[in-house]
Every structure is written in structure tokens, then in C-alpha cells.
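One structure is given below, encoded as C-alpha cells.
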């Protein structure tokens, strides 16, 4: 047996699994997105039409798709940097020598990640309540007028971002913590001897060494945040005024609520293209900067 | 083993009626599965797609035409003719009609729901409103008077923005049908529906109604008790809820009234749930026995006692429990005027658009004319497939009619 044949034989089981569970569904979805497959087609196949790119064109003409895209990009643009900043901050805090009860805080910060969205969303809905919520009560103590967090289309998305960041930052924090612990202590010692302030130590030692970790965390967070769904589904059902409808939420409604699988597949593909483009761009920037 | 899917709270309480059925039919067993009401439509469609529907189900009245078109339902006319205890003419016409599509009966109403205002007698009296309003104009006067009385932080009425029903109930009073040309196009630009849109919008413009959805009003019953709003348009299940949840001193201060119409007591949507037999059931005869049993007037009255849901048969309404209930009286009155929504399979989706456009209208993002045009545009898009199916005759006999 030639070495290359042997290689294929060894890879075959894994490749076939990927083929069956990834490539075939993706191709099927691509085919579906070119038809108007819906519940009527399921009942009688003569109700199925081949529509070529009509699903895509109709989506691009649908104002709701654009506002869903806008909402998703808003969520990503604000949520991802905020989430990374908060998790990095928490990791630095937990890593510093000043912190007490590190295991306790590590667990506490990680706890939201492992609780279910639905359970904590109920609690957050109460926290965010306009008239009885704890958050508005706190703001009132500072003399700030109550904010209609979930009822005002301008505030609903910030409220969702707040919730998502709180829910997710623990996960990245653990990864950052591992990265921080891998930095040799003698680098800091040398910097201190040279008289570098903590801020300069952070800028010239911590950040560069953390670079690859930062890149990985960014890509993971980006990919995760593009798939915003559970938070608006549970907290706002896309409202008010559809201001928290995300692309994935739109796909869910089209696909699973109304069973318009053709349309839903088209939404999924557009999201896929968008996510590939964004992460590729991120990788390209990182490669140019020499991180990786 | 008969598999029976029921939605929400009803799915829970109906289990207490099953032992009696099993006692009468010792060879039969019934397995009740409870669907959450908000996800029931999706779950039924998913079960249809996955070929795992049960033998018998209680589904929303507005979904019947959809499942009939999907060929998921068994026509019931032959079985009805053979069952003496089940007589269609004993049912409220609007409720029975929801299950009749193209002359065939696909569903038997289980409980009916029509929405009407619950109101605070004391707050109305304080504002100088002497009797419950019967027309839109009287209702507007009453709301204006209440608003003057309660001030800027409280409201006269609650129309939850996350529900299509309040606006839809106003719209269905219109003499014009909601869809036109055999359900090919939306008819929301009709003068009648526009008047409903204008009425709805004015309630928000004048701050008679808060811009709020149910999810923001953490506890509707508490807020009603606190007088946050004086009218609350909702369904009959709330009779039991208000009895249970309002404090004793408020118990004689609330009442129900028929929904005002443009020129006197108005129509409203014949909602609720109906029994259907799913096609392909291996136990259709046993399942039909269950439907016949649960439709007996006596059983319906017991079910009303357990759940507060209103029976769809006039015979059941002769029971002392219902005759003596002052809160049920307005519902009894209004049920005679309840109307089915257009029987096109896409209706559920169009109703969601009514909710969304209604929300934009209430927020002042759309004018009445724009909202009407937008609703027609959205409905026409949703109905595109239906038009194509009608034109190419691929649509089944159960296509339904518009109107």
C-alpha cells in the first residue's frame, strides 16, 4: 500500500462523518434555498417550485432583513469588544496578587456561563422592569429618570447586550486567565527592574504575549455573537418594534415557526457568508500584524 | 391507547375528566400530552413534518384551515351524522363555523373564547361613567373621562402590544371582509378596517392606553387591581384568574361587558380550541368516542368548573353554575355575535403581521393609511403561494374561502 493510500484509509472514517453530517446538510440547504420549500410542499410535492435566486433577492428587498442585519451588527460591534474588555479585566483582576478568594470569584464569574439562558433571563426581566426593577431603582438613587429598558426600541438592544455580556464573559475570562498564567513571571520582574509602570508592563508584555489568545477569543466571540438568538427569543421576542430581531431569529421564525425552509436556508447562507467574510478579515489583519 | 394533545392549562385539567371516560370504556386508555400554548402551533407543524401527530388534538380555531389544507385532518361529517349526542345546531354559530371548510366539517369546538373588556366598576364610577359603554364613541368618552380622573401615570385601557387580538377584534367588526378575492389578497385598506385602525391609534395618541406589552406588565392582575388601567380586553380564562388573584376588597369592583362596536355591541373573533381527528390515526374510532364524551354538555360544564373555559354549546350554558355567573353573562351575549377569522391557512401568519403593524401604528411610526397599506402589502406577500396554488389548482379541496 502506498503511503498516500494509507493516509486516506486512516482519514476515511472521519471524512465520511464530516461528509454525512456537515457537507450533505449544507449542500441540501443550499439546494433548498433555491426552492420555495414550505409546509405545503411537504403535504403535496407538486406545490414545490424552483425559484432560483428569488429567495435571496426577496430577502435583500425585505426591510426586515436589513433591520435584522443592522441589529445583529449593532450587537456584534458593541457586544464583542465590550465582552472581551470585561472578561480581560476580570481575568487581570483574578490574576493579580491583590485579589482575595480567587477560587470563589472564579466560580462566581463563571456561574452565568453554565446556567441556562431561560432561567437567568426571567430574573433579568425583573431586574430591567421599568417601574419595579432593581436597575431603575439604582438609577433613581443617582437621580436618573427610569429607563424603559425592554419597552423602548432604543434601549432594548443595549439591555440585551448588557445581559449577553454578563452571561458570557466568564467563559473568555477563563481562557484569558490560562493565557495570563502562562506568561513567565521573570519578564515582569525584568520590566520592574527597568522601572516600567504597571500600565507599560501591560502594554508591552501582557498584550503582545496574549495576542494569539486574544485573536482566538475574538474569533470565537464574534462567531458566537453573530448567532444571537436565545437572548431576544427569551427576553423580548424580537420586540419592541422588532428592534431586537437578529438574523438568526429571523431564520428561526421563517424556518421553524412558519416552516418556510427555502427562505430560512437563504437567510442561513447569507449569515454564513457574512460570518466567513468577517472572520477572514480578522485573520488577515492579525496575520499582517504578525499575531498568530 | 388514544393519544390526545391539548394546549396549555386545559391540557392539565382535562386529565381529571379522563378517568370517567376510561371507566365507561374499560378497553380504552387515553394518554394526554400537554403542549405549551405559545409553542403549540410550531410543535403541531413540526409533528406534521415529522409524521408524528397524535390521534386526536385540540387545536386553535384559527389553525384548522391550515391543517385541513395540509391534509392532516379527517373530515368528520359521517361520524357527526352517526352521533346523536353531538348536534352542530346546538353550538354557537360562529364557533361551529370555524371548523367548517368548503362545506366539510373538520373540527368540533371544545371551548370558545371571545375577547371583551374587563372593567373596574369603581374607577368608572369615579370618573362619572354611569354605565358600561356600548359603542366606540361612548367608549372613547369613557376613556377620556377616566384618563382625566387618574392622571398621567395611569391609563384607561390596556391593549397589549404583543398580541394581535385587541386590534383584530376591532377590525373584525367591520362589514368589509378582512381578505378579498377568495383569500387571494389582503383587504385591510377597506374603510371599515381603517376606522378600526384609527380608533386603535387614537387610544395610544391620547395616552388612554400605555405603550406596553404583556411582558412589561409583570403582573396584569396586580396592575388591574392597582388601577393602572380600567379596561382590559381579554379572554374568559381571566374570570377565574381575577377571582383568585384580586384581593377580597376588590372582588365586587370588577365586571365584564360586551365589546363595544361602532354602532352598538360589536362582533369579535370566535377563538378557542376545537377537537380534530388527525388523518392516519390507527385508533380513529376510539378517538372519536373521546371527542363525543368531552363534548357532552354535562362534561363541558364540569370542564368549565375546572378550567373556567366557556362551553361552545348552548345546552351547556343552561347549567346553574353558568347561569348564575355574572361575569360569564357578557360572554354568553357576545358569543352569539362571534365571527370566525378568514379561513386561509396563512391566517396565523397574517395575524402576527397585524400585531407588528399595530405596534408601529401605536408608536406613531405609521399613519392609519400607511398601516393599512403596509398590512395589505405584507398579507399579499404571504398569500403569494396561495394565489399560485389556486391558479394552478394544486390546492386541495380544503382550500378554504376568504372573507
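Using the three backbone atoms N, Cα and C, a Cβ is placed for every residue, glycine included.
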Quick one: which of A:107-127, A:128-148 does TrEMBL have down as transmembrane segment?
A:107-127
Look at every Cβ pair spanning the transmembrane segment (A:204-226) and the transmembrane segment (A:73-95), keep those 6 or more apart in sequence, and say whether at least 3 of them are under 8 Å.
yes
Can you work out which residues elsewhere in the same chain, 6+ from the ends of the transmembrane segment (A:7-32), have a Cβ less than 8 Å from its Cβ atoms?
1, 261-262, 265, 268-269
